[in-house]
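Shown next, in structure tokens, is the structure this report addresses.
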């Protein structure tokens, strides 16, 4: 088949503009890189290289106009790496036949359907079609592959241009010898613009440098088959390396899918777009190695099938032609940055004339070009690499047959595969090598000069490398390496191509005209630099995998979309094509899968070949590195030996200097020697340090620091490297030259020889006469610089003569020849000229000559003086060597002294070392003895502690057998829960194996000194512990029996409290005195309490809050009264907020008990004490009182009176109030005479274990006494796990539970209460607003991490206050920024004067301030004008004429009088118009006599009667009807009121007033104004300082009728009008003033803060607002807890704005108001929100009517929040309780909440036990009170800072710094602080944290109910303290003053 007649089977070829001959010529030229004439003979077989067939992709220049962009689809360059989606399109859609219309066939109808999917391979069927090969080389004009030629910039699609321009074809190529343009434009893929370049060298690159699908230079190029709309390629098994051809490439394709025919209906859109944008990376299914192919023998066969003329027409190397404007190669070569030449790699050299044997035909697979030169050559070429053959200017001539092409050396080494596909199909995956690594760029050849030709000498110098044969499949690949074609770098070839070839100007517009230069060179260089940067960037492997996965996912999606699109398009175009489209899709899919497998094989072969090529070079490089490392090691050893020798010498010098210093008696000499010894010692230490640690890094390669020429001392350079400066002496200029070591040694030897000669009595040898140095000095003036230019070194050392370079030339003596004068000079030879000339010379001789002579003389004397000084100095310098000869004797003496000093130093050092060793041995013995003693003491203390714990365990064991607390705890109302928990517990978990005593009870051990814990064995200690436990039990029972010794025992022998031992197993029923019904768990709790009472043992009832601890305590009192006739006295001590609750509960449940509410003033309490009967220890039913209820504060204040009473039972509610054993409360209550004590608490552990120890010590002081060991075990040992953040020892926890069991009973709600609803806790996270973030960041920036760490570790109490202050500021920011600064009401600048008063006391209760503002500008009128006749109309004594005018002119002669009007109304008189104006005479007279405002008011009230009349007579016949009395009132008669005014209701009103309705609906009248005036002022007034003036002014301003007329009646008046049923006729008229535009602001400019902005300024408040709306809609009632009273104030404003009812209870609420407030909330369902402070509302009150609890800010102590939420979740609550906790995300609140959760977990584990002990508990949230700084600092610090604090604390602990600080502070201070903490005088962490809430304890109760009596144990009871002067107030008092709870 003819090449020109071959067409696609689907699409017709578009017509071209050239004839068939021209097409044939262009096809011949299009055959890329044909073989040289000498190699294209029959024997060559069409092969271009000696070693292999011609590749389908070649190294042809991209500057050729017919360069096919299909072949450049794998054109991989730096520009294509960043080309974007267009590049992806160009590179991913090639080779699929088109089935769409011919209008889109210009770029896609290249081949038939048998072409390959954008793959360089074809199926086997294509090899047998020669016409196919011919069709591959059609010209772009005939194949339609290129769009109309335009400028190489980025253009719109071809559809954008007209049909004429699209059908226009490019002109024929320009001659090759045309000079290149100075500037050229290229497409910039980074900025999507066309960039102009002026440097042709930087812009033009070869096809080898810009494409990576090249083979040998003489190979024939076969363009790739295109099928544009096939599916995506599949990724290769081994992905391509990230750096192909030295450039960076992303491992994943672009995210843009290829264009489909369905999505792009334009006819030539894709055809125009393809050559514009450079192609992208190669297809993903093949590595870049495969995409650098060479052709197979089938391609060779294709080229052989062509005509001989075709072969002859193609030169050996394709010349560089002028690029077409829109050729893809032009764009691509222009867009690539300037290449950097690479070093050449060694290649195999062969004879160029050797012809390879033709290979058999095979599949036309495209194989990568051969690249054996991966590694750089051993000797990089110093000459620039020659250009390739196809770049040679003469390469198109047949006269160059010997010049072989050079293959690029920069592509991948596996770039050429000549193996058959069938040969390598069976290659194993394991044999495939890894992808190559990116090579280093070589920049050495970058600046080489350009060379136009290839140098043959350079080829001969190539290193010959023997091929390495591999077995099997590698045989063919290794044969390829025998190619004789020399290789060169692509980069270098690209540069040479740019040098050797010229190009036509590429700056052209769309019409073909030359485009003006518009871009700068800097822009192109910036793009090139950006591309190079992209090349050097590395891609992370994880990112590559992620991109690969994303690309695979997009590929599958795109495949599905394309399948659907193809089917839909085919079905729409022609239904019959549907099956064909489906078959085509299957064929493409199968073929692409097959090609993937084949390409994978070639990838493996390429990798193996790469290993073959680079193995020797790599081995050589490794050997060189090893050799270099060995050399460096030897050098290091030499340096080490030199340093050791130097150190030894330096040490000897140091010892010698020290010996001399000790021996000498001269103080200055000794100091000098000591300094020398110190320097030597320092030098030796430095050398020793270097020898030990070594110099880090290659110190030998580090250059010394830069020379400091600006002064200072540096030891890294010599002085002669500096510029000459000022000398040290006055007569010295510059520094003395530094002598070398040889010179110094020579001088020293000469001096020693001279000294020896003198000592021997010989004469000194004569000094050798050196040639004198003559310095010739010009007599003329020399500069100082030239004087200093004499080389001093030359003068000293070299015997050379220095001559002045500026010696004046000798004067020539001879006859003076008179010169010929100029004509201009002869012109001035006149008499006048000569006179002037002579005068000038005379003046110079008289004035200037003497001056010049003096200057010359001074200069001469100065020079002579300098020369004399120089000569003297030189003489001194010359004689200096003679002075040195006298130093020999001195050196000998000094040497002797030095030896003596060295000996003394040695013996002293020896003695000192012996003495130090002896002392060290003694210290070690003492230390060992101290350690042994410490170990013995620790063992003793451990045994003592074990003894104490065992004693307590035994006591608990004996009591527990009688009390059976464990059974009571396990028995619940929910047996299924208890059974499940019991099942989870191991058998005998807390069982204590105790051998019961059988003999008599042993003696109690009270003095621990009697026990020898070292000698005693365990059995003796166990027996002592058992004896102590039994004695403790007996003692408790004895005390219980002997409590009332005065009472006689019951004769009947009834079981009462005196004989209680028989009640251990008795089941107690509910007392009948109790009116309520106890629940099962409450009845069991009563049994437990009664058993404790019977045994005389105190206990702790620690049930969870809300389970009825109060009713159980009351039932105990009822039981004692009913069964044992013990009616008291009972003492109940409770917090002040629960006193009323206790009184109500006792009256309600046991009304027979008489109550004394012991609170109030001192006189009230005195009266109440009269009811106390101190004579009897037990009360009967008829006693005056049975129960006394008081508060903790009252107990402390009246401790003397309480101690006199004997209390049967003392109940302490909320017993955590006595958590400190050092507090006055604890001591006072412990001193009371009580038979039994009962502690009620829901949280036995709030902060630390010391609190639990205080409670246990309180209930059993005889057992839990103040032994330090036991206290330490409770607080320190257990809490040491908090410091180490470790797990709590399970054995210790078990022993702790065993101790607590008998004395403490605790049940939780989920076990005992079935009907109680669930409690759900939710954390609601809020974000900071912009204002809050700004505040928070400012506060954060003020914190210094170092200060924070220091205060956290070593801080004192003052630091605690500072840190807590920071915490408070952060909490304020999180709550609301208005806590810092409120948004105030604002107004314009008021330029007014306000009224002032001297004293409000004289003003009365009300002060009138109306119209008291005055303008700053006043119009002052004198009284003469205002009052004394100034106003002519004002009658007075000074103006008698005013009455005359008023009388005669205003009354008698007034024309508006009724008489005058009546006389003038007839006929044509003046007032005759009245009868036609509907006006009566009286109305006319009234108009003339009333003022303007009255007339306006009257007119506003008058109704238009004529308009209504006009409506009544509105007939066609009576159009002109007009009443006779209203002929002149034309406007009133025709005045029809608009419908919008008369329609005031109904739908018609909205329709007729659309604008008004829309204005109202848009809420515009109530919006805040966007702007306001800058200033305001009242109007200017006339001011006259008289009383009459003020009266007249007030008469106008306070004119009530005028105000009513202007503003109308107010709301109250309107309401009264309706209530009084005022007739409509009597209602006042509408106001004359219009309504204000803004209803909120009205007529004022004062701006009130917006509540909406108030809500949105806080993230918490905004979230709370949203939450409250939902709760209100759901019918819930809310308890809202705060920790700052100021925040409660803000919340009150918010609730008022929302119009929700609320009530408030906080620390400032009076004691008598608390009960009423709680009662109102419980009984009034309309109250939606109850505002409480966490501490005030968390104790004892019942708020079960609420079912929602919201914590606006959480507490750092979880027990406080638990108490607060249990106000609603307690007995009586029937609904589910939901607890919301607002937490600001990423702030201090999150860390406070985290610490609180840790603390809560600790409490759960310690009290309840369970799984927490084994799972590990984080105790890091708890610290001792003295370490509270750390707790606060942990809130402030983030995670990194917290780690630093802990690390610093560990360092201080290890170094003992903490102990030193503790000792420094002193133990007395700690005791005082502890006492203050207990008494309340100090500030605890709780009080500091809640400083914004006020006081909530009993220290301050408002009102007269409970006065404030200070807590103090120091003052004796009954005595008052003396009044002192002004005393500094505590922090607590200052807070109380700030909250208004305390007076100043």
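Note: Cβ is positioned from N, Cα and C throughout, glycine not excepted.
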Quick test of your reading of Swiss-Prot: among 1213-1216, 1217-1220, 1221-1224, where does it put motif 'DEAQ box'?
1213-1216
Pick from 862-907, 908-953, 1000-1045: which range does Swiss-Prot record as coiled coil?
908-953
Which residue range, 966-1003, 1080-1117, 1118-1155, is the one Swiss-Prot calls region 'Disordered'?
966-1003
Name them in sequence order: residues not among 1103, 1104, 1105, 1106, 1107, 1108, 1109, 1110 whose Cβ is within 8 Å of the mean position of the Cβ atoms defining the ATP site.
1242, 1770, 1771
Would you say which of the binding-site residues 1105, 1107 has the most Cβ atoms within 10 Å of its own Cβ?
1107
Looking only at the motif 'DEAQ box' (1213-1216), what is the model's average confidence as pLDDT?
84
What number of additional C-beta atoms lies within 10 angstroms of the C-beta atom of residue 1103 (ATP binding site)?
22
Same chain, |i - j| six or more, Cβ under 8 Å of residue 1108 (ATP binding site); the result in sequence order is 1079, 1082, 1771
Count the other Cβ atoms sitting within 10 Å of the Cβ of residue 1110 (ATP binding site), across every protein chain shown.
22
As a quick check of your reading of DSSP, tell me how many residues in the compositional bias 'Basic and acidic residues' (740-751) are helical, how many are strand and how many are coil.
11 helix, 0 strand, 1 coil
By DSSP assignment, list the helix, strand and coil residue numbers for the motif 'DEAQ box' (1213-1216), in that order.
2 helix, 1 strand, 1 coil
Around residue 1104 (ATP binding site), how many other CB atoms lie within 10 A of its CB?
20
Mapped DSSP class for residue 1103 (ATP binding site), helix or strand or coil
coil
